[in-house]
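Listed in Swiss-Prot for this protein:
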- N133: N-linked glycosylation site (CARBOHYD)
- N195: N-linked glycosylation site (CARBOHYD)
- N250: N-linked glycosylation site (CARBOHYD)
- N277: N-linked glycosylation site (CARBOHYD)
- N293: N-linked glycosylation site (CARBOHYD)
- N482: N-linked glycosylation site (CARBOHYD)
- N488: N-linked glycosylation site (CARBOHYD)
- N507: N-linked glycosylation site (CARBOHYD)
- N549: N-linked glycosylation site (CARBOHYD)
- N560: N-linked glycosylation site (CARBOHYD)
- N565: N-linked glycosylation site (CARBOHYD)
- N576: N-linked glycosylation site (CARBOHYD)
- 1-21: topological domain 'Extracellular' (TOPO_DOM)
- 43-103: topological domain 'Cytoplasmic' (TOPO_DOM)
- 125-296: topological domain 'Extracellular' (TOPO_DOM)
- 318-405: topological domain 'Cytoplasmic' (TOPO_DOM)
- 427-606: topological domain 'Extracellular' (TOPO_DOM)
- 628-643: topological domain 'Cytoplasmic' (TOPO_DOM)
- 22-42: transmembrane segment (TRANSMEM)
- 104-124: transmembrane segment (TRANSMEM)
- 297-317: transmembrane segment (TRANSMEM)
- 406-426: transmembrane segment (TRANSMEM)
- 607-627: transmembrane segment (TRANSMEM)
Amino acid sequence: MGHIYLKLNERLSQIWCNKYTIIILVMMVKILLFIKMLSNGFENIMDYTMENCRNIDYYYSKYVNSSPHYMGLMGNFLIQKSMEQSVALSLKSISLLVSVSENVIDFMIDLWLGTWVCLIVSAIDGSVDVATNATESVIDLVNGTVSSVADEIDDGLSGLTKVVNKVLSAVNDIQNFFKGNDDESDINDQVKKVNLTINGLRTLSIPSSIDDKLVKLSANTPDFDTVKNKTKQAIAVPFDIIRNEIKSINASKLVGDPQYLEVPAIDTSGVKICSDNKSEINEVFDTIRKVFNASTMTILIVFILAALSLIVYNAWAEWRQWIRLKRFRDQYRHQTIMLKNPFDDMADEKVPQNVDILETYHLVFNRYQSGFGRWLSRRISSKLETQRNIQWLVTYLTSSTSLTLLALGLCGILMCCVQFAIIAIISNKINGKETEKMMTSMSTAMNDTVQQGMTDWSKSANLYINDTETQINRQVFGWIQNTTDTVNGTVTDLIEDIDNAISKAFNGTILYKPMDTVMQCVIGNKLEAISTALTWVHNTAQVNLPRVNGSELYQQLQQNLTDSNSTTSSTAELPNSTSIATQLKDNLISAANKILSQYKNTVVIELIVSSVFLALYFFQIPVAGIILAAQKHKSKHNNQNRP
């Protein structure tokens with residue numbers, strides 16, 4: 001071959017495996033492996049989900065397909081028992097109201113009739129007492145006074161009679177003397193007439209039978225006992241009938257027909273939340289798979305282009321380096337020729353000592369580092385020693401060893417940024433609208449199934465309630481019509497009986513009209529009010545039972561479950577259709593986020609390692625400073641020891 005070094009074409013044959021391309025390829029493989037591991041993790045999640053579809057469907061059917069059935073059983077039992085208890089309590093309340101009403105009516109009748117009797121008795125007894133006392137006083141006065149006066153007159157007239165008789169005897173004698181005895185009979189007749197008149201006055205008296213008539217009027221004052229007894233007996237008849245009817249009622253038979261309480265059958269249609277939504281689940285994972293594929297293709301294209309670009313750059317760099325090598329060779333030959341003394345036999349040994357071949361090599365093969373060092377040193381200082389120290393520091397920091405630390409640190413940080421970006425993209429997809437849309441569709445299907453079952457059950461429950469309401473209104477409150485009609489008739493009869501009693505007692509007297517007016521004010525108006533009240537009860541007595549609203553019941557159930565879950569621990573939460581879909585979504589997202597979190601932790605560790613490499617690179621700066629200080633101290637010490 002003639003030479004032991006590599007020429008340009010031989011160097012270019014190895015350009016594909018340069019260190020920069022190798023680093024790029026290693027980074028590409030690392031990121032591709034990272035993407036592959038993420039993809040495998042999500043594939044495992046999808047496989048696990050699909051493999052457990054049967055279990056998910058089983059628990060879903062237990063909740064959704066069976067819930068309306070068991071809720072219907074529970075609800076029907078509660079409705080039936082509540083209806084029976086409501087009817088029983090209603091009957092008991094009605095029975096109490098019947099007794100209260102009867103007693104109130106009896107009390108009011110006693111109150112009103114008692115008031116009426118009191119008014120009448122007070123008026124009549126007072127009048128009779130006054131009249132009787134006045135009559136007795138007059139009779140006693142008349143009878144006693146006339147007899148006494150007659151006796152006194154009779155005593156007075158006896159003396160007068162003697163005088164008159166003596167006068168009459170004298171007159172009679174004179175008359176007989178002159179005329180004879182013709183008029184003697186006239187004088188005797190006049191005297192006898194006087195005596196007869198006084199005797200008649202003695203026999204004058206007021207008969208005591210007038211007191212008997214007043215006592216009889218007082219005794220005949222009406223007390224309405226017959227009317228009250230008759231009214232109470234008439235009032236008690238319908239109330240007794242009602243009480244007996246209420247006692248004979250069986251509350252369990254009064255409620256509606258239990259056949260209306262339909263129990264939703266357990267749904268065996270095979271609706272499955274997981275199996276029926278495999279397409280949506282696959283769609284979510286397909287979206288994530290597309291992200292992985294797109295990321296893989298992007299990484300491949302970018303890194304392959306970068307590797308090709310570095311290959312081209314290194315080919316150009318190799319060509320430039322080959323030119324510099326040839327220049328270095330020519331420069332070395334030129335310096336050797338220029339420094340060689342043709343008259344000195346030892347010139348071949350002295351020339352290399354005047355040439356710093358290592359510095360020349362550095363200037364040729366580290367062109368950019370040396371150029372940057374010269375530029376930086378001239379900007380910082382004009383002293384030659386300081387400039388050379390700065391150039392040495394740049395050379396130290398840009399050596400292949402130091403640049404290896406810098407490359408590892410920067411490439412590691414770059415790979416971590418790429419991996420973080422991939423994790424962020426996948427996380428956004430998982431927590432994005434696609435997953436939310438899938439879970440919303442599943443939740444809607446579950447809600448529709450449960451709500452339809454609740455609606456069907458509420459319809460059957462309302463039929464049962466309708467039948468119960470009809471039975472109650474017909475068999476319980478239907479009696480009120482008969483009762484109110486009977487009581488109204490009794491009130492009418494009571495008014496007629498009172499009128500008859502007043503008419504019988506006072507008709508044809510001056511007390512009839514006042515007593516009739518008093519009766520109307522005291523009793524008649526109240527009886528008319530009772531009649532009006534009974535008519536109102538007759539028209540309004542009915543029961544209206546509330547109906548079951550399936551939609552409202554379902555919404556309230558969901559709200560109660562939500563409120564209950566918000567105030568209880570997670571282990572005590574009650575599942576509902578929304579929470580099942582949410583839980584499924586949360587489980588999928590949680591599993592995916594757990595994988596992403598694990599890989600994120602791995603990337604964080606890689607970032608820490610890369611940062612350590614970068615810190616080690618910057619640690620070279622104080623090390624270089626220490627070396628410069630040591631060299632300066634050594635140089636100063638050597639100069640002092642030099643003679």
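Placement of Cβ uses the backbone N, Cα and C atoms for every residue, glycine included.
From a predicted model like this one, the values you see are computed outputs, not experimental measurements.
Features as recorded by Swiss-Prot, highlighted on the structure.
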residue: N293; record: N-linked glycosylation site; Cβ contacts under 8 Å, 6 or more apart: none
residue: N482; record: N-linked glycosylation site; Cβ contacts under 8 Å, 6 or more apart: P238
residue: N488; record: N-linked glycosylation site; Cβ contacts under 8 Å, 6 or more apart: S531, L534, T535
residue: N507; record: N-linked glycosylation site; Cβ contacts under 8 Å, 6 or more apart: none
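Outside the transmembrane segment (406-426), and at least 6 residues removed from its termini, the chain residues within Cβ reach (under 8 Å) are 23, 27, 30-31, 34-35, 38, 42, 288, 291-292, 295, 299, 592, 596, 599-600, 603-604, 606-607, 609-617. Under the three-state DSSP scheme, N293 (N-linked glycosylation site) falls in the helix class. Under the DSSP three-state reduction, N482 (N-linked glycosylation site) is assigned to helix.
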